[in-house]
Amino acid sequence: MEVDLLHFEKKYHNYIVAGIDEAGRGPLAGPVVASAVIIDNANIIHGIKDSKKLSKKKRALLYEQITSNYVWAVAIITHTEIDKINILEATKKACSIAAANLNVKPEIVLVDGNMQFSDERFISIVNGDNLSLSIAAASIIAKVTRDRLMLELSAKFPQYLWHKNSGYGTKEHLEAINKYGLSPYHRKSFKCC
């Protein structure tokens, strides 16, 4: 049975609905990025789904379509702030800022995951990137934005292979940490670091 990715958008059809997702909670280096997207129900872009289920090429194509056709915003919380406030609080902060950065104020904010927010407009949906088109669109924007940032950082610190691992704790990345030590962009509050 195919999931109706517009279920939540239809449920709240009388409201301006934004979807939010993040990229970068688990990596050992780099920022966490959240994106907020308000889709246009009259202009549905086909092929949008959870960014993890798309090829890099397809994500890039959909990124261009989403950013050209929908209201969207991003928020970036640095590795330094993650170390200060922890990854959960950094993720929640990024989500709140992304929603606030939209040039249209959402009345309902659908967020992937099970995080709790004090703002009652925020509704957390476990597995939301597979259940809501606006969250899935946000997952694409967040993932592409973060991957591009890590590609830029990889040019400065090529030994960590961030252009391939996006800062995640792959075998090669851990070996590079052991050999070269931490870069200025590693999260020092994470176990390996």
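We number each residue from 1, going along the chain as drawn.
Even glycines carry a Cβ here, placed using N, Cα and C.
Per Swiss-Prot, divalent metal cation is bound by ASP21, GLU22; the candidate from ASP112, ASP119, ASP147 named for the same site is ASP112.
Same-chain neighbours of the divalent metal cation site beyond ASP21, GLU22, ASP112, judged by a C-beta within 8 angstroms of the site's C-beta center, are, in sequence order, ILE20, ALA23, ALA34, SER35, CYS95, VAL111, GLY113, GLY128, ASP129, ILE135, ALA138, SER139, ALA142.
If you take the C-beta of ASP21 (divalent metal cation binding site) and look for same-chain residues 6 or more apart in sequence within under 8 angstroms, you find ALA34, SER35, SER51, VAL111, ASP112, GLY128, ASP129, ILE135, ALA136, ALA138, SER139, ALA142. Looking at the domain 'RNase H type-2' (15-193) alone, the prediction's average pLDDT is 97. Other Cβ atoms within 10 Å of the Cβ of GLU22 (divalent metal cation binding site) number 29 in total over all chains. Counting every protein chain shown, 26 other Cβ atoms lie within 10 Å of the Cβ of ASP112 (divalent metal cation binding site).
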